[in-house]
Amino acid sequence: MEQTLLIIKPDAYKRKLVGKIITRIEREGFDIIRIALKSLTEEEAEILYEVHRGKDFFEPLILFMREAPVVALVVEGKDAVGRLREIVGKTNPDEAASDTIRALYGTSTGRNAVHAAESKEAFEMEVRVFFPDFKTTDSTDIFYS
Ligand code: IDP
Ligand code: MG
């Protein structure tokens, strides 16, 4: 089993798409093992998107991520990182395969409804913004121990 992070972005939050997106995640068979609603500080938004610092879209992206709260979910499943990225779809909703979350709910390359960690390493860094004491060995087992 692998874990990854999904962030429901402010555009989707404001359009009241949180329930639809979580329903999709459950329908795909992922287990939700952490969930949080959070208003990001500037510093937290910058941690998430540090690799894009200096690009044209960096500052608008940081402002966008602070327009409204986000909902972060740690989800677990087989090949979770890659499979979630597939279900999320390409960055530009117009290029995303039909029935991906971004094709369904994104409205532009910037306002594309969700973020999914790109790698295990990215997940381990990003998860700490929302769940500082998260240990990557945690899994659904914690609910039964
Ligand atoms: P990803 O979210 O599909 O991994 P990245 O290239 O890592 O895409 O970009 C991170 C986020 O930055 C995107 O999801 C999107 O919100 C925003 N972004 C990326 N490229 C552009 C752009 O060309 N214009 C506006 N926003 C962009
Ligand atoms: Mg990315």
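FYI, residue positions are counted from 1 along the chain as it appears here.
Glycine is treated like the rest: Cβ placed from N, Cα and C.
Annotations in TrEMBL come from automatic prediction, not curation.
Pulled from TrEMBL, these are the features on record:
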type: ACT_SITE; residues: H115; note: active site, pros-phosphohistidine intermediate
type: BINDING; residues: K9, F57, R85, T91, R102, N112; note: ATP binding site
type: DOMAIN; residues: 1-138; note: domain 'Nucleoside diphosphate kinase-like'
Close-lying binding-site residues around ligand 1 among K9, R85, R102, where CB distance stays under 6 Å: none
Residue among binding-site residues K9, R85, R102 with least C-beta crowding, 10 angstrom cut-off: R85
Pairwise Cα distance for the residue listed as 'active site, pros-phosphohistidine intermediate'/K9 (ATP binding site) [Å, integer]: 7
Under 8 Å by Cβ from F57 (ATP binding site), counting only residues of that chain that are 6 or more apart: G110
Nonlocal neighbours by CB distance (under 8 Å) for T91 (ATP binding site), same chain, sequence gap 6 or more: R102, T109, N112
Site of maximum Cβ density within 10 Å, from recorded positions N112, H115: N112
Model confidence over the domain 'Nucleoside diphosphate kinase-like' (1-138) (mean pLDDT, whole number): 97
Residues of the domain 'Nucleoside diphosphate kinase-like' (1-138) by DSSP state, where helix covers H, G and I: 57 helix, 26 strand, 55 coil
